[in-house]
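S.K.: Dumping the structure here so I can ask a few things about it.
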Amino acid sequence: MAFPQTPNRLIRPRRTSRGIAISAGGLAVLLGALDTYVVVSIVTDIMRDVGIAVNQIQRVTPIITGYLLGYIAAMPLLGRASDRFGRKLLIQISLAGFALGSVITALATNLDVLVAGRVIQGAASGALLPVTLALAADLWATHKRAAVLGGVGAAQELGAVLGPIYGIFVVWLFHHWQAVFWVNVPLALIAMVLIHISLPPRVRTEEPQRVDVTGGLLLALALGLATIGLYNAEPDGKQVLPEYGPPLIIGAVIAAVAFLVWERFARTRLLDPAGVRFRPFLIALLVSLVTGGALMVTLVNVELFGQGVLGLDQDEAVFLLARFLIALPVGALLGGWIATRVGDRAVTAVGLLIAAGGFYLIAQWPADVLESRHDLGFVSLPTLDTDLAIAGFGLGLVIAPLTSAALRVVPAAQHGIASAAVVVARMIGMLIGIAALSAWGLYRFNQYLKEQLAALPPAPADFPGGQMAGQMMRLRTATVQAYVLQYGEIFAITAGLCVFGAVLGLFIAGRREHAEESADAVDGVSNARDRAPSA
């Protein structure tokens, strides 16, 4: 007989204890998210101390790719390990690993050691988000968990907003970039203590679950190769992938095929298909992939629009994203709260339609968008600020209900790997989205530039400053218009992808769809076997 995942079958800690536990988990997620973005504001300080010239900034790319490598590659295996060994132990191990990686990074005097520290940080941080999401699913009933998942998602997105500012503030306060990583140590210890006191020890089951280490390593290899192969530090350059990208992508495909073959015949699998409702689960992963692509396209192309069209320097162009990044966590919090009342499907579909509307508006941006406004009759709103906020808010709304729907159709014993799958799908969507649209954008830019140059008359011989100056002005005008058309097309495609995601969102798990699992399976879940405190 099958049983749904009902809260009365799971032994949970008291409300106060679980509040402390999820707050500590949220702190851990925020720490990991901050460290993802913090290097943006301190990279020049790091370069100086490890002996890299300012004009060789491409050499510090491994600092970023190393973190992403650890983050994405380790996530599925560590998420599954939390199903086997319990959320409490995995969060504490991950926090300890994060602190260790921070110490190694802070002590680094050369690039190799620095990258090693960042890889360790990334691997530890990669476990924190999915395991905390799974912990929220363990501690809250199905119909209430979306709001909590929204809070965890908001902590993740808040890191993107505060990361660069946090780095600048810590360096200003302590006068050296190493302090950014030293501060992680006491904060990680605080989170470990809070997790320790708020979650009781895990009760060992008579038949503990096995972990598919081989499958996890094959998947980690595939994801790691794909991460490095797809990540291009200069997406506005002359090539979409880095020079070493194509062979790594081929290697990733081979590793992925090997993983699928292994999972087909292995007795112990990374994701046990028993009880999983694959149709809604895979649809949730596909929607997560779409949202990741839309997110990354925005993060990269808004900055490039600021530099190429508006003539802003890099710092000013990055600041344009503040409107989008602030709206993301706001949407995540509100989306979780609304989903507990109206359901995951509705919020996911509406959120992506709102995002599509925002991206459609962004696609209409003129070259003088900073002076442009939306005249609504009773009020006039700045175009750039409004459009970015709408897109960010819409994508934020989707975070909690998407995770909630995915977890609901996977047995509770596999919430760790399921949470990791949702996050990995989003990250892969980010990498694929920017690579694909960069290729398309580069192709279209060259076409548009030729068209614009053909439409503009040649500079007259009596042009002020000379004919050469006139030709430069002509090229600049054509280039700006080509950029406007290129980015307009990219964001229009992104709007279409969000509409596609909204349609898919109508087919994720509804409120009454649950994984099929036996009573023994529910009672045997490692994370649900934590005993309530005696006090």
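Numbers here mean position along the shown chain, with the first residue as 1.
Quick reminder: no glycine exception, Cβ is built from N, Cα and C everywhere.
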S.K.: With Swiss-Prot as the source, do ASP45 and GLU243 lie on the same side of the membrane?
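M.R.: Judging by the topology that Swiss-Prot records, the two residues are on the same membrane side.
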S.K.: Sort GLU157 (site 'Forms salt bridge with Arg-426, probably closes bottom of cavity') into helix, strand or coil using the DSSP assignment.
M.R.: helix
S.K.: Counting Cβ pairs under 8 Å to the transmembrane segment (61-82), which of 146-167, 213-230, 244-263, 321-343 comes out on top?
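M.R.: Stretch with the highest Cβ contact count: 213-230.
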S.K.: I need the CA-to-CA distance for ARG426 (site 'Forms salt bridge with Gln-157, probably closes bottom of cavity') versus GLU157 (site 'Forms salt bridge with Arg-426, probably closes bottom of cavity'), whole Å please.
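M.R.: ARG426 (site 'Forms salt bridge with Gln-157, probably closes bottom of cavity') to GLU157 (site 'Forms salt bridge with Arg-426, probably closes bottom of cavity'), Cα-Cα distance: 13 Å.
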S.K.: How about the transmembrane segment (321-343) and the transmembrane segment (146-167): at least 3 CB pairs under 8 Å, pairs 6 or more apart in sequence, or not?
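M.R.: These two stretches do touch.
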S.K.: Near the transmembrane segment (344-364), which same-chain residues lie under 8 Å Cβ to Cβ, leaving out any that are not at least 6 residues past its ends?
M.R.: 146, 287, 290-291, 294, 298, 302, 331, 335, 338, 383, 386-398, 400-402, 404-405, 408, 487-492, 494-496, 498-499, 501-503, 505-511
S.K.: Under 8 Å Cβ-Cβ from ASP35 (site 'Protonation/deprotonation site'), six or more apart in the same chain: what's there?
M.R.: TYR67, PHE98, SER102, GLN121, SER125, GLY159, GLY163, PHE181, ASN184
